[in-house]
Structure formats: structure tokens, C-alpha cells
């Protein structure tokens, strides 16, 4: 029995709260990274175009391969053990994930610092920093995301975990507001100190929270599983298995995954989503500068930037309530339709409606990022379906999250490459040129310049509206083929809960 004081402390720091807080220590760093790393290397370190493209290309390969690689290294014992079901139970899986977070979380925070001090030639530093940072970020993301599938199966419990992640991710977005006060390309010292402070907070947070979760799980949950396992052994005994499981090789796993139709349709949709999210991140400052800077103050731009990072997490709290009522599939479909509708309205309105443009730039990012926040719930459902259709002894959640990343992470690299290429082709503006090309398309007859409208501004506007229109149409087409929702999803969850009865955690209980 626990004391009253312990109950009070646990009510404040529940398992769901601690799990969600891990998102805070990632988001305070990753938001700053996404917003400033390209500008830092282009404007401050003066990286050349060839080095930038080479670095992004190598990063594309590493960024795609490290997720399934780390996922396989993490979960191969669950697939390759001949008696995985009897030797490895959920407590061991959860503790393994928590130990990985306690180690890789602080290393991720330290790798973040490598961007903000020039310690090698720009091209070499760009390549090494990207690969090092993404390697540790992958380890943190994989184990944190996989924990959601390992801690709970029911949609209610998973939604609760995702809810707390959204709350803490919103708190982490405050770093974007603060960063604007420290960012100065002429004097980089204050920004470096700001980044050191963020990294220190993240290191301590990862270490302390993951240790707290480990101790809580070992003290409060592990004895219950040990008791259940003992009772199971007493009733079943050690009789030989009539149908011993054969080890699953990586080739067999990939073959199984290739036949998983819902997985293939999901990654097709998610590839476009990853591209659109990172396109918004990479070109948000450019859109502010060339579409709004002459019409809004710097403080308004700062507020717009901060809101666009915090609002998706707060908005996601409402989306999660809709998910509980209508299902994740339907909510994501509505978000695609909303993205398409808003983009068409903005296209018809034109680039001269400044306040409408402000609302659209912010809302475009808010709803796109909001969709991304819901996708972990869908991947967790795919983990359940993979477990059921392949009759696995233990769900390989980290590996499936890694395989999703393998097929969708290329969108992260395609976004800046395709975006800068489109901008250069359409307007003649090259961000790598120290002196931007002026009025380069003034003589092109098909560009409706209007009265004194600069081609660069018009090019940015068309990029702003046509990219989400294209993405939304493609996503609606692929998402309509996804069938893991409604009665089918409920049947899959029922089968998994029956197969792993007693091996899953009641999130609300601890």
C-alpha cells in the first residue's frame, strides 16, 4: 500500500505525464534546429551550393537508413528468438526502451550544440552535424514512439499518452519565441549561449525523467507481471511447444511488410505529409520576408512565427477529442480537405490581402503539423495489425516505426531541395547567391506581374498555395485506400489484447 503523500506525488507525476514530458526535451531543441540550421550555414558559415547539396544528399541516405537499422537492432531479439513469447515479455521491452532514452537523450542534446560553433570547414561540418544529430534524434524518436505502442493498446489510453505529448510539445515551442530575441547573424554569441542553456535543460530532463520511469515501472508494475508469469508457468509448465516459432530474418520481415497493404498506403500518404511539414519549416521565414515584411512589423512577424509553432500542439488537444469521437482516420481526412479548401480560397483571393495571407501562412502550418501529430496513433494501429496478421509473439513496434521512417524521411530532404529549385526556376532567385537576382522574370510573358508586383513575391505566393493544393489532392487519393479503421480496427485491437492478455500496462493505473 502507498502512503497518502506518495499518492499525491504520483497524481501530479503520472506515468502519462512523465511519458509526455520527454517530448518537451526533444521539441525545445528540434524546433530551433529546424528554424535556424539552414540559415546558419548559408548566411553565417557561407557554405557553398555544391557542399550544401552533397551534405543534403548524404543526409537523405543516412536519414532514411538509420531508422530501420536502429529499429532492427532494437527489436531483432523479439523477432529472432525461437521462443520470444516465453522469454521476452512487455516489462523487459519497456525497460529496454527507457534505458535507451536515458542514454541517447542526453547525447542528442549534446549533438545539437555542434551546429552553432564553427569547428571545421562549412561543408564538412554541415555533413557531420546533420548525420550525428539525426542519428541520436532517431534513437530518441524511435524508442519514445514505440513506447506508446508498448504501454497501451486501447485507443483511449494511446490518445491519453498522445495528449500529454502535445501539451509538453507546446511548452517546448516556447523556445521558438525566445530564440527570435537572441537570433542575430551579426552577433552570434548570445544565440550560442541560448542554445547551451536549452541543451543543458534537455540533458537533465532526459536523464531524470527516464530514470524516474524506470524506477516506477520496476517498483509498481514489474512485481505484478512477475506474479502473473509465475502463475502462467505453474499452469502451463515447460512442455515442449508443438509448433515452435522459427526465427524471422530481415528478408522475411521485409517480405511480410511488403504484403501489408495498409502499411504501404499509409507510407505513401505520410511521405507527402513529411515533405509538406518540412517545406513549411524551411520556407516559413522566406514567406514572411518576401510576402509580409513590407506590411507587418518585426514584432508581428515574431508573434506569427511563435504561434505557428505552438498552435499545432494546442490544436492537437482538440483533434484528439475528435479522434475519440470519430476515429483518427476520419479526422485526418477532414484535415486534408481543410488544407485543400483553405489553399484554394487563398489562391482565388490573391497575394494582396495581407491579413488573409497572415492567417493562411499560420493556419497552413498549424493544420499540417496537427496532422503529423496524429500519425503516431495510426502507426501504433499498424503495429497491432502487423502483430495480428503475422502472428508475432511480441509486437516489433520500434522496427515498424523505423520502416515507416525509411520510406517517409526522404520527404525531409526533398523539401529544401525541391523548394529552392522551384524558387530558382520560377523567379531566378538563388538563396546561395550573396546578391539576389532582381526582376529576373520581368520579361517572361506568362508571369502575371500586375502593377509593380515583383516576380520574387509572386513566385513565393504561388509556392505557398500550389504546394498544399498538390499535397492535399495526392493525400486524399492515397488515404481513401487505407482500410484500418472502424470495425476492422476494433477487430484487430480485440485480437491483440486477447493474444497479449496481462502483458500490457493500464496507463491510468500508474
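Just so you know, glycine gets a Cβ as well, placed from its N, Cα and C.
A quick note: this is a predicted structure, and the numbers were derived from the prediction, not measured.
TrEMBL tags one of the stretches 67-85, 124-142, 143-161 as transmembrane segment, and that stretch is 124-142. Ranges compared are 442-460, 461-479, and TrEMBL records transmembrane segment for 461-479. Looking at 296-319, 368-391, the stretch flagged in TrEMBL as transmembrane segment turns out to be 296-319. As annotated in TrEMBL, transmembrane segment covers the listed stretch 16-38 rather than the other ranges in 16-38, 39-61. Residue ranges 163-183, 226-246 are listed, and TrEMBL annotates 163-183 among them as transmembrane segment. When Cβ-Cβ distances under 8 Å to the transmembrane segment (263-284) are tallied for each of 100-118, 163-183, 340-362, 461-479, the top count falls to 461-479.
For the transmembrane segment (16-38), same-chain residues at least 6 beyond its ends with a Cβ under 8 Å from one of its own Cβ atoms are 101, 105, 108-109, 112, 115, 129, 133, 137, 140-141, 144, 147-148, 151, 160-161, 163-169, 171-176, 179, 183, 191, 195, 198-199, 201-202, 205-206, 209-210, 212-213, 216, 278, 281-282, 284-285, 305, 309, 416, 507-508. Ranked by number of Cβ pairs under 8 Å to the transmembrane segment (461-479), the listed stretches 100-118, 189-209, 340-362 are led by 340-362. Counting only same-chain residues 6+ beyond the ends of the transmembrane segment (100-118), those with a CB under 8 A from a CB of the stretch are 22, 25-26, 29, 32-33, 37, 40, 45, 74, 125, 128-129, 132-133, 135-137, 139-140, 143-144, 188, 191-192, 195-196, 198-200, 202-203, 205-207, 210-211, 214.
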